[in-house]
Amino acid sequence: MEQTYQYAWIIPFLPLPVPMLIGLGLLLFPTATKSLRRMWAFQSVFLLSIVMILSMNLSIQQINSSSVYQYVWSWIINNDFSLEFGYLIDPLTSIMSILITTVGIMVLIYSDNYMSHDHGYLRFFAYMSFFSTSMLGLVTSSNLIQIYIFWELVGVCSYLLIGFWFTRPVAAKACQKAFVTNRVGDFGLLLGILGFYWITGSFEFSDLFQIFNNLISNNEVNFLFVTLCAILLFAGAIAKSAQFPLHVWLPDAMEGPTPISALIHAATMVAAGIFLVARLMPLFIVIPHIMNFISLIGIITVFLGATLALAQKDIKRGLAYSTMSQLGYMMLALGMGSYRSALFHLITHAYSKALLFLGSGSVIHSMETLVGYCPKKSQNMVLMGGLTKHVPITKNSFLLGTLSLCGIPPLACFWSKDEILNDSWLYSPIFGIIAWSTAGLTAFYMCRIYLLTFEGHLNVHFQNYSGKSNTPFYSISLWGKEGSKISNKNFRLLTLLKMNKNARPSFFSNRVYKIDENVRNRIQPFLSIPHFGNTKTYSYPYESDNTMLFPILVLILFTLFVGFLGIPFTQDVDILSKWLTPSINLLHKNSNNLIDWYEFSKDAFFSVSIASFGIFIAFFLYKPVYSTFQNLDFLNAFVKMGPNRIFYDKIKNAIYDWSYNRGYIDAFYGRFLTAGMRKLADFAHFFDRRIIDAIPNGVGLMSFFLAEVIKSVGGGRISSYLFFYFSYVAIFLLIYYFFNL
């Protein structure tokens, strides 16, 4: 066991050769490197698989022995200061390592096919491997300095991956927005680290916790300053995990490739903030009011993320706000002191959300055959629907991920979310009401995404998706409002496929199409897919290749069974509690973690009932027109409600506007913060040019004009110069003679 721990330092560096070799190959042998580019996917998966095996070995030893191992190298600068680097292996490290590697491997396998036609294929895998290295280095860090170094590397990688298609203006703005927003949190994190070093004199976690606890117990610190430093540390987690009010970058991060969205939202960037708070939990629990502040930010994010997801039309943005809300649940659990529940939900949510994002990528991939390589169309749920018969495997996997996030047993997220909901009642009834209500909203918007994507009919054939006018096939629009039906009852799908017979050769001729608006041009037949040397023409979506389906099927297994890790059947079978021992759980200090089946059944029935109610409302509003409700005129009974109809419509429209416009938070930041900063910059520019520069420039101008005046007096004649010279000499001699009399 000791040997395994001694060589654990290699874990963060194993994926690093891939970006280094890709960069070296492109510099020295660019043609050969590009022609053999598919082999880099295998190397990336292979190296990350080795890391996964090492992480699993460490996790098994953690479960059996519950030990903590730390190895440190000292870098002595002088006698008064030494900087130490090392690695820390504990339950939190092993959990995060397995999470990063398992999800990362699935995303890499998926990306090999998803990015196969992209000219940035090599750059993509270089970024991905460096991303894995940065995150693994973060979770194995033994002190705050290492945390900050790898924290910044994670931010740089996310900036590069979000702006992967940097020639698209929208993607370029999105990565800049993510980078600037995280700068705010990272600056707070740096100040907090320096503040605690000033208090304790150490960056090492073990020394930091011990010294700080002694100072607190002896009342030898300024609590106001300590609280400020803790809030600054927490600001880094707020930005990284997209907590209110620094959450605005998360939906725009969807401009990157879909595999990146899966990795960011499941196991890397957004998980970094949760990891930081969990790592520093011994520091936070001894500071008055900071835990309450963490739980407050968490519950606000829970509800805000759910409300903003209600009316999103972009499938990836809807899932992004779902991630924001679920991260709020984790932060709420950490703030309540429910350490086990927070990490349990981090695990279950990671696999379920990775499944949903890879499933959405499969949907987007199939829709591109109809609407082209434009994210505004291929990700728009308005144009989807009726995909069940075209992509059955993707549909079933997406349904399982949806039900898991809704909290339907026995899927993964049910077990972890149910623990957080129960703990919220113990902590605060108000927080409990908000958390349980948001569980219903989660079921509603997730079921809404599923219904709009897979049920009904393929709307792209029935809509003018130019962006100016839409003619929906459904009698209920996206938000449940009345919509116009198709006016042409004899409409046929074949008319969409018929072209001018005389121009038929040009229909299937090779043409250049713009891919994803990122200036990636590809020569291909219109609506044709190359597959094993054969060319097939599609007028409908098609199921993804096996390379993309395999990771989805593996994530289905995780979604089905990973939740059972946290079920405490008996003291010997409670794997998660053994894994996290010793762990911090303020709400259940004296609990032996054994499950009370009566209490569990009662709470589970309540939570499942709320989730079922949200699912029912979604089916009621978004079920296709040829449903039982439509045939029985069930909806018409609610249309004729009399004067109250106007009031209900106003409420409905207000909720829709709030959700679709992102709660007006982005607009507020744009109008007041961004505009204010620009005005301040303009004022600083004016002050610098007109006042600061005016002083030396004014002296220079005065010297110039004075020289011109003196020059004009002389006139440019030598006789005049001699006359003035002797006149001045005579005057000075007279003055000298007068004063010496």
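Positions of Cβ are set from backbone N, Cα and C atoms, glycine also.
If you check Swiss-Prot, you get these features:
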type: TRANSMEM; residues: 9-29; note: transmembrane segment
type: TRANSMEM; residues: 40-60; note: transmembrane segment
type: TRANSMEM; residues: 125-145; note: transmembrane segment
type: TRANSMEM; residues: 147-167; note: transmembrane segment
type: TRANSMEM; residues: 185-205; note: transmembrane segment
type: TRANSMEM; residues: 219-239; note: transmembrane segment
type: TRANSMEM; residues: 283-303; note: transmembrane segment
type: TRANSMEM; residues: 354-374; note: transmembrane segment
type: TRANSMEM; residues: 396-416; note: transmembrane segment
type: TRANSMEM; residues: 425-445; note: transmembrane segment
type: TRANSMEM; residues: 549-569; note: transmembrane segment
type: TRANSMEM; residues: 721-741; note: transmembrane segment
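In this chain, the transmembrane segment (549-569) lies in contact with the transmembrane segment (354-374); the count of Cβ pairs under 8 Å, excluding pairs fewer than 6 apart in sequence, is at least 3. 549-569 is the stretch from 40-60, 125-145, 147-167, 425-445, 549-569 with the greatest number of Cβ pairs below 8 Å to the transmembrane segment (396-416).
Taking every listed stretch (40-60, 147-167, 425-445) in turn, the largest tally of C-beta pairs under 8 A with the transmembrane segment (185-205) is reached by 147-167. When Cβ distances are compared across the two stretches, the transmembrane segment (9-29) makes contact with the transmembrane segment (125-145), since 3 or more pairs at least 6 residues apart fall below 8 angstroms.
Highest Cβ contact count with the transmembrane segment (125-145) among the listed stretches 40-60, 283-303, 549-569 falls to 40-60 (criterion: pairs under 8 Å). Outside the transmembrane segment (283-303), and at least 6 residues removed from its termini, the chain residues within Cβ reach (under 8 Å) are 196, 208-209, 212-213, 216, 223, 226-227, 230-231, 233-234, 238, 242-244, 247, 277, 324-325, 327-337, 424, 427-428, 431, 434-435, 437-438, 441, 584, 586.
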